[in-house]
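Asker: There's a structure below that I have some questions on.
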Amino acid sequence: MEGKVEQELGSQNHHHHNHPCVEISMEIHKVETPPKRSSLQKLKNRLKETFFPDDPLRQFKGQSAKQKWLLGFQYIFPVLQWGPHYDLNLLKSDVVSGLTIASLAIPQGISYAKLANLPPIVGLYSSFVPPLVYAVLGSSKDLAVGPVSIASLLMGSMLRQEVSPAQDPLLFLQLAFTSTFFAGLFQASLGFLRLGFIIDFLSKATLIGFMAGAAIIVSLQQLKALLGITHFTKEMGLVPVMSSVFHNTKEWSWQTILMGFCFLVFLLVTRHISMKKPKLFWVSAGAPLLSVVVSTLFVFAFKAQHHGISVIGKLEQGLNPPSWNMLHFHGSHMGLVLKTGLITGIISLTEGIAVGRTFAALKNYQVDGNKEMIAIGVMNVVGSTTSCYITTGAFSRSAVNHNAGAKTAVSNIIMAVTVMVTLLFLMPLFQYTPNLVLGAIIVTAVIGLVDIPAAYQIWKVDKFDFVVMLCAFFGVIFISVQEGLALAVGISIFKMVLQMTRPKTVVLGNIPGTDIFRNRHQYKDAVPVPGFLILSIQAPINFANSNYLNDRILRWIQDYEEEEEENIKMHSSLRFVVLDLAAVSAIDTNGVTFVQELRRVLEKKGVELVLVNPVGEVMEKLKKADGTHDLLQPNVLFLTVGEAVSSLFSSMKGVSSSHV
């Protein structure tokens, strides 16, 4: 019966006030005020939702004191959760995957350290201590920890702005360790203070664009090694690198190009095989180490270092020396160190957590974001005191770790032990390793960061996100890595502000035969109700958008009046503006003033403002602000649009009869 009211209203039939159906008004439900809560309770709830959305204390409820201590230690050291249940079967899987990622970590560690303009040995140091720390503190079973390409590139390029790694290598190394210390401190404090939502500002589109741009920049830097150029630009951008490559054509060495090209093709083919058949993960995992061995033997056998092929040179033997005495907390470079630590810290944290979550989703377990931040942060702080530069979970190594069947973080320990053996006994073997093979390894590793299917998906779904992605991409390639990232984050935040300041308002119409009201633009059969303008506001109302909403609603009213003049047949002057507030999740003082002002403006026009279904917080604030109780009178406050129209329609009968 209730539905008929709207159906007949929608059909704009003005004779229906005689119809018995109008007399049967819908059952009107009262809009309830939420239960009273003190300001302290509200603040407590707000803080809990901001900082503890995962409710970490839930597991302690109703436990004995002893159990609480045990759970507390397990929370801080996840190793205590899986450690007691560890068995030989798990160890077998972890040893296989640990050795597999070690074979990848050793050549990559050396390559990435060179990318950061650091001594190659530092890359191996960084693949020894951090994985051990992570195995104790980390909550991901698949994350393989070590140096990564983008953080290495960022650190190298940012520190190089003030200090030359060639002229002052010791100071450069000190600044790298200090930056790593601050990066770790920043990461761990984000986790401790539960400010993980800060890294959510790097949207998927931003990251895809940034990663692809950085991958191209990293690959371009490898042209120095792959072409054998000695005088190479210090700049990072596409233009200076290309001009440097083509201005120095006389430095190109055909031996280097030929050998580099062969290894690059070999590595790319093995990568392709492993991508097509994940069961053959060992093909791409072992290829870099095999390339290093083959190229080193080749150089050694043919004395190729005397024929224009540059080699790494002598590397020190032995484990990580302590480096806490190399940390600089004063001096002229403090600003640079803090900035580098902050940016590399955020980027490596985002990468590490994204990688951890990706594999956790595949294996159906949870990764705690805040715990991961603390683990990665502590790992970098400890690393900075033991000659390591910035490390995090690397995508290529974690994928190999996952495909190799890693079961727990012990695979990281196995990898670290393998690296330790290498540091102690195998370092002299790398003396003749050519730089070109390291370049080929880096190019192959970063190619995977260019995710074209994901970019196409973004283009299909959201064009604005695609623009953000392109800004990140071109910003990184043409301006610089950090400016490109800042530009993309800036545009993402601008998009958020735009959504906030220009919220959607839609006109609702009645779906015939029901008491349902829907957006007339989306539902073509939804019809307007004579005398009613029904609007839905679909965002919180606050200082940023209340003026816009006021203007927009007055424009809707003008549109209604113009339409009415054109269509004299439906002549029924506007009597009610119904605001559906169901989607308005919050309101502030500006928002409350906007509602009051709108009511006054409409009153002068002889139109009544009706509010529908305000949520708890909105209802509370309107009630407190409404001294005269005009806003929330029962005859202008309803639970659903259907009830509002049905109830107000009967009060309009006199008006509609005068238009018969």
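We number each residue from 1, going along the chain as drawn.
Yeah, the Cβs are placed from backbone N, Cα and C, and that goes for glycine too.
These came from TrEMBL, pasted as-is:
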type: DOMAIN; residues: 522-648; note: domain 'STAS'
type: TRANSMEM; residues: 170-193; note: transmembrane segment
type: TRANSMEM; residues: 205-232; note: transmembrane segment
type: TRANSMEM; residues: 252-269; note: transmembrane segment
type: TRANSMEM; residues: 281-302; note: transmembrane segment
type: TRANSMEM; residues: 342-362; note: transmembrane segment
type: TRANSMEM; residues: 374-396; note: transmembrane segment
type: TRANSMEM; residues: 408-429; note: transmembrane segment
type: TRANSMEM; residues: 436-454; note: transmembrane segment
type: TRANSMEM; residues: 466-494; note: transmembrane segment
Asker: Could you tell me whether the transmembrane segment (205-232) and the transmembrane segment (466-494) have 3+ CB pairs under 8 A, leaving out pairs under 6 positions apart?
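Answerer: Counting Cβ pairs under 8 Å, at least 3, so yes.
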Asker: Which listed stretch (170-193, 205-232, 281-302, 374-396, 408-429) has the most C-beta pairs under 8 A with the transmembrane segment (342-362)?
Answerer: 374-396
Asker: Should anything in the same chain at least six residues away from the transmembrane segment (374-396) have a Cβ under 8 Å from its Cβ atoms, list it; otherwise answer none.
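Answerer: 104, 108, 113, 116, 118, 122, 125-130, 133-134, 137-140, 143-148, 151-152, 155, 176-181, 183-192, 320-324, 327, 344-345, 348-349, 351-353, 355-356, 445, 448-449.
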Asker: Taking a Cβ cut-off under 8 Å, which residues six or more beyond the ends of the transmembrane segment (170-193) line up next to it in the same chain?
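Answerer: Distant Cβ neighbours of the transmembrane segment (170-193) are 51, 116-119, 122, 155, 158-160, 163-164, 199, 323, 326-329, 333, 336-338, 340-342, 344-346, 348-349, 370-385, 387-390.
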Asker: Which of 252-269, 281-302, 436-454 shares the most C-beta pairs under 8 angstroms with the transmembrane segment (205-232)?
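Answerer: Ranked by Cβ pairs under 8 Å, first place goes to 436-454.
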Asker: How does the domain 'STAS' (522-648) divide up by DSSP, counting helix, then strand, then coil residues?
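Answerer: So the counts come to 61 helix, 21 strand, 45 coil.
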Asker: Please work out the mean pLDDT for the residues of the domain 'STAS' (522-648).
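Answerer: Result for the domain 'STAS' (522-648): average pLDDT 89.
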